[in-house]
Every structure is written in C-alpha cells, then in structure tokens.
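Accompanying notes for the structure given below.
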Ligand SMILES: *Cc1c(COP(=O)(O)O)cnc(C)c1O
C-alpha cells in the first residue's frame, strides 16, 4: 500500500497516516469528516515538474492548470504563485480565479457552449485567451469584442482525429466529438479563414485535447505531429503563422496498482521533441507550447478521510462497510466505475483480515466508493482514507440527499489550513424560499 502514498504521505511506525506532517487522526478531530486533505508539497512538485522540463529544454511554454479538476480560491492562489495559468470553463471558475487575485491575462476560457453572458463577462474582465470551439462562438466573440472596440486573443480548438485511451490511442476516433472544429472534413480550415476576417480577433494559434488519464506518450506525440502538420499546411494555404500550440491535458495518475503513469517530464520531453523536429524540418518558427494538466496536478495530492459507521455482513456474499460520505463527495466510482484504493488511516499496518466493499451513506445502491478492498477488521469510528481523490472529487461534489459538502484543508510542514470550510445545515437552505 505504501507505494500508493504520494508526496509527503507516509505511515508512522504505529500505522498512522501522516500527510504534510499532520496526522490524519488529528485532522479528522480538528475539522471533522468527510474531509479532503491536500498535500501542498505534492501539488508544487507536480506543477514544477511540468514547468521545469520546458525550462531545461529552453522551450517557450505556458502550463495552464485545468481548474475543473479542483477549483477554489486557495488552489488558484497556490498555482498562480507557481507561475501557472488557468484553463477555466465557466463564469464561476473565472469569477473564483479573479477573486483569488489571478490576472485575467493568465486565464483561457474553454467550453463547447459558452453562453453570451459568460463570453461578455470574460471579455469585459479582459480574459487573456478564449479557446473558440465552434462557428456560433466565433461570431459571438468577434461581435462582443468589436462592440467594445477590443482585440481578443483566441485559439481555435480542433479535433485532430487522435483519441487516446488510458494505454493506447486510436486515429480518427475523436472526430465524433462535441468539442472543436474537425480537421478532416475541412471545418478547421474554414474556421481559420473566417476568424482571420474579423478585425476584433487575434488568432494566436490552435488547441487540441485528446483525452484523459493517458499513460503513454504516443497519443500526445501523434497529436503534436498532426497539429504541426495542420499549422504547416495553413502557412502555405493562408499565409498564416501560429504563435501558440496548445496540446491540452490528460496526463495519467495512479489510482490503483494497475495504473502506470509516467512522470510529467516524460510527456513534456516527447511532445517538445516532436514539435521541434517538425518545426525545424519546415523552418516553422517554434510556437509557444501550452499544456493543460488538470488531474495530474492535484489527484495524487488529495486524500479523503471518512469515519466508518455501520457494517452489513451478508454471509457468503459481501461485507459492506459504510462511511460518512460517498457519492456526494467522490462521485467518480458511481458515475463511471472509477477504481480507487484506500487504507485505515488509524491502523494501516495491521494485517488485512477481510475483503469488504466500501459504501457511502447516500440513498442509491450504486453509492459504492470501492468495490473490493482488503482491510483489517474495520470498526465503528475507524478512519478510512480514500487515496488519490484530489481531482474531480470535490469539484464534482453535490448536495444529493441534502448532505453538506465536506471541508477541504491544505497541509504542509506540519501545518493545516482550511481551504474550503465545511458546509452547515444553514448553508443548505440559503437559496430556498418559503412560499
Ligand atoms: C479536462 C480538460 C483538461 C484536463 O484534463 P486532465 O485529464 O484533468 O489533465 C485539459 N484541457 C481540456 C480542454 C479539458 O477539457
């Protein structure tokens, strides 16, 4: 199990989980459970890992954290300090980032159906980049910027026909996607031609994103190759030269033993060498390379602490162990059978004596966090730590069953700081109106 503990997470000699120098049991006592704990050192390590490789290779770059993975003021502050920019996908994420002091120029706005209100808000706030997804939006952005007599920097999102799945990638699959301009059918060419006619748009380059939780570099290099080929074609056909090539995110993380992600350095090295090779061969000015890691920045840094309550042993069938949260705070297992692992944070070194299913407290049979895990006999009051929950956990949290959302703490060097306070019952009725 210890090989699934990341960053500063470790077990003490008596089997207590410690993160950022703080005992999990102390954190649970201070803040209550369920509790999301983020290891600040691990987040910094990942952010620096991506940036450092670009810097060592002397390649102009920008690392944009895909903030949908985990969005709150504290994470924007932390990563802005690390020199990252941000991929945002709603007025809510833009507002949160700006309220945390992020410069609007460090934001890029993504989404397949940004509303007119959201686009107006983003442009009014001086957002750095809008990643234009479709023809409707292209005209809308041009109109809004023109009315303000502003020039808006945009990227064109294209689907290069590379669809990466966890361990491999396929060509052409991604054409059946709701995102972006399709390359093969000529939509992307058409989008560029249209965009270039608008005075209010400054077309800085192109974007693609080939998938998520990807473990090898082949899909990324294939995408880089196709994107460069497109840019080279556009230079010939339209005398257009891009300054930004955004290759998206999707770098894998380790949820269980069977996941085998590469270090950030490997992804960056491969992508850079592919882009450089093609740029060199065609005398294309090396574009600024952007990447958008989300999951890989925060997933492994996050741990969710739950208190164990009831059990139900169905003889010969299954042992259910229930925790005080579930699909309201970590919905990925219920949503798409995502696999996780965990441990008893207060006695992790005791030998496992039984195989159990970890379930939540929500009124859905599918509210299972971990289908099958070997643990010491779990008792009422034990602390269960679900590992690698830093991405798409809290950010997908919901109020199903009117359970308040958990608290989030950041830990570092033996100190813990509240990043998001626990919701109260009063918070739950804040928007309600009595009729
Ligand atoms: C979700 C998303 C990302 C981040 O993906 P991860 O798998 O979390 O790294 C990056 N770019 C775009 C456009 C996305 O939609």
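Glycine is no exception: its Cβ is also placed from the backbone N, Cα and C atoms.
Unlike curated entries, TrEMBL annotations are predicted automatically.
For the substrate site that TrEMBL gives as 295, 332, 336, 364, the extra residue drawn from 267, 284, 306, 392 is 392. Cross-referencing 219, 250, 328, 342 against the pyridoxal 5'-phosphate binding annotation in TrEMBL, which names 292, 293, 294, 295, 392, picks out 250. The CA atom of residue 392 (pyridoxal 5'-phosphate binding site) is located 20 Å away from the CA atom of residue 364 (substrate binding site). Reported as a whole number, the C-alpha separation between residue 293 (pyridoxal 5'-phosphate binding site) and residue 363 (active site, proton donor) equals 34 Å. The Cβ neighbour count for residue 392 (pyridoxal 5'-phosphate binding site), using a 10 Å radius over every protein chain in view, is 22.
Mean pLDDT for the domain 'Orn/DAP/Arg decarboxylase 2 C-terminal' (36-390) in this predicted model: 96.
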